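To start, the structure itself, in structure tokens.
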Amino acid sequence: MDSVNNSSLPPSYTTTGRTYGHCLQMLTCLEPPCTATNGNGISNNRCLKCIVVTMCSIFSIAAHLAITLSCITLIQFIDQKIIYINCTIYAITGFLIAFIVRLTIKSSEVLTSIGKPAQFIFALISSIADTLITRNMLIDSNPSYVKILRAIEMTSLMCFVMLGAFIASYHYVCLATSGDLTWKAGFLILTAGTIIGISAPYGNISSLFGFLFLYTILAINVVRDASKALMNTCYYRICRATTLRHPSRLGCGRMSSTQDVNATHEEAISSADTIDGQIPMVVMSHATGVLIPVVIALQRYMTKKTVSLTSTDMLQGVCGVLVGASVSIFIPSRRDESLSRPIIILLSIIGAMAITLAGFGLVLGPTLFSACAAALSCYTCINIRNANKGIKQLAAAYVVKSILGFIITSLLVCILVALS
């Protein structure tokens with residue numbers, strides 16, 4: 001088989017940026033030529049343009065995730081009635097389902113292209129309904145009108161969250177099939193976006209600033225496809241060519257580099273086949289993720305008689321995930337069996353210490369435990385990615401995506417803990 005240096009790059013996705021306008025082209029760095037490729041070959045030059053596009057895409061994906069999560073957190077602030085708490089539970093459940101369900105790449109692309117403008121419309125509908133209620137702009141203050149507007153607002157928010165969850169899920173699959181450095185940077189930045197999205201509604205943000213930020217981010221995501229921009233970079237395409245040993249777009253890879261119709265398609269690989277030998281690590285990652293709100297609830301219960309737990313205390317525990325993600329960046333990308341047992345033992349000891357501290361009512365306990373859970377999840381994802389190269393990379397990306405989904409869902413459940 002020919003070396004990757006003698007093969008062409010995978011075909012790029014259609015660059016929709018050419019239709020945006022000159023200013024947006026310059027802003028998204030689509031015009032400068034790629035310096036890492038010469039024709040169909042691969043040079044050893046570093047491509048600054050593709051580095052900038054990659055980082056812009058990751059930040060755009062993180063901002064979109066933050067907006068989606070902030071809407072879930074925002075539901076509880078509409079009203080403290082039980083129906084809104086139930087809606088929060090439904091939204092969290094729907095978000096988790098979106099990160100567990102495996103859709104084909106084609107279906108995800110269609111859903112993303114339709115869902116992004118639909119999100120913008122649903123956000124507009126919900127904001128108009130909320131403005132009419134809060135600003136007393138109704139001509140007739142009949143309570144039935146208010147109930148109808150609230151129902152419209154909640155329906156729009158739920159649709160917004162579900163569409164955003166599926167879009168974010170697809171974005172993370174694209175990140176999980178990229179190179180190690182890109183994936184680690186994405187894991188850290190998306191974790192930061194998660195924390196910002198969950199904590200933003202707790203801040204004293206003016207409605208005008210919130211609306212401007214919301215619609216700016218949504219407009220950017222409607223106009224510019226961050227996932228396609230990421231997959232069009234030379235780093236992503238070279239990674240695909242190196243991994244599969246032949247040029248291929250995401251979702252179109254085959255076991256053989258020929259056009260044999262009987263060759264195994266990468267979307268035909270089951271995700272269950274990618275966790276052989278990794279099942280204990282996957283179970284531990286999901287278990288520690290689920291235990292994050294439990295540890296926070298334990299710390300809340302132990303301090304309830306003396307000190308009331310504020311939203312700030314709850315967010316301090318959640319922010320430990322960002323600390324754990326930052327530490328996990330330094331974990332070696334190459335799988336080393338000699339490091340697995342010491343890392344697992346160390347994280348288990350730290351987790352036990354964190355639970356003990358939470359039992360004594362210290363805020364450091366939940367913070368330390370959530371950091372431990374994030375580090376363990378990242379380490380598990382690294383092992384799964386390293387154990388499944390080539391044709392199995394896409395199937396492994398869905399497993400990695402589900403681990404991230406459990407972590408985010410656990411942080412969202414912490415909202416309900418604060419309400420209890």
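Cβ atoms here come from the backbone N, Cα and C positions, even for glycine.
Within the chain carrying the transmembrane segment (58-78), a Cβ under 8 angstroms from the stretch's Cβ atoms is held by residues 84-85, 87-88, 91-92, 95, 130, 150, 153-154, 157, 160-161, 164-165, 167-168, 171-172, 175, 182, 185-186, 189-190, 192-194, 196-202, 214, 217-218, 220-221, 224, 226-227, 230, 408, 412, 415, 419, all 6 or more beyond its ends. If you look up Swiss-Prot, you'll see 58-78 (among others) marked as transmembrane segment.
Outside the transmembrane segment (81-101) by six or more residues, the chain places 68, 71-72, 75, 154, 157-158, 161-162, 165-166, 168-169, 172, 401-402, 404-406, 408-409, 412-413, 415-416, 419 with a CB less than 8 A from a CB of the stretch. Summarising the annotation, Swiss-Prot assigns transmembrane segment to 81-101 (among others) and lists sequence analysis as the type of evidence.
The feature transmembrane segment is assigned by Swiss-Prot to 114-134 (among others).
According to Swiss-Prot, the transmembrane segment annotation covers 157-177 (among others).
Annotated transmembrane segment per Swiss-Prot: 181-201 (among others), in sequence order.
The transmembrane segment annotation in Swiss-Prot covers 203-223 (among others).
The transmembrane segment annotation in Swiss-Prot covers 278-298 (among others) and is backed by sequence analysis.
Residues annotated as transmembrane segment in Swiss-Prot: 312-332 (among others).
The transmembrane segment annotation in Swiss-Prot covers 343-363 (among others) and rests on sequence analysis.
Counting residues 6+ beyond its ends, the transmembrane segment (364-384) has Cβ neighbours under 8 Å at 176, 180, 183-184, 187, 191, 274-275, 278, 281-282, 284-285, 288-289, 291-292, 295-296, 298-299, 316-325, 327-328, 331, 333, 335, 340, 343-344, 347, 350-351, 353-358, 396, 399-400, 403-404, 406-407, 410-411 in the same chain. Swiss-Prot lists 364-384 (among others) with the feature transmembrane segment.
Residues or ranges marked as transmembrane segment by Swiss-Prot: 399-419 (among others).
Same-chain neighbours of the transmembrane segment (312-332): 184, 187-188, 191-192, 194-195, 198-199, 202, 292, 295-296, 299-300, 339, 343, 363, 365-376, 378-379, 382, 407, 411, 414, 417-418, counting only residues six or more beyond its ends whose CB sits under 8 Å from a CB of the stretch. Ranked by Cβ pairs under 8 Å to the transmembrane segment (343-363), the stretches 157-177, 181-201, 278-298, 399-419 are led by 278-298.
In this chain, the transmembrane segment (181-201) does not touch the transmembrane segment (278-298); fewer than three CB pairs sit within less than 8 A of each other, excluding pairs fewer than 6 residues apart.
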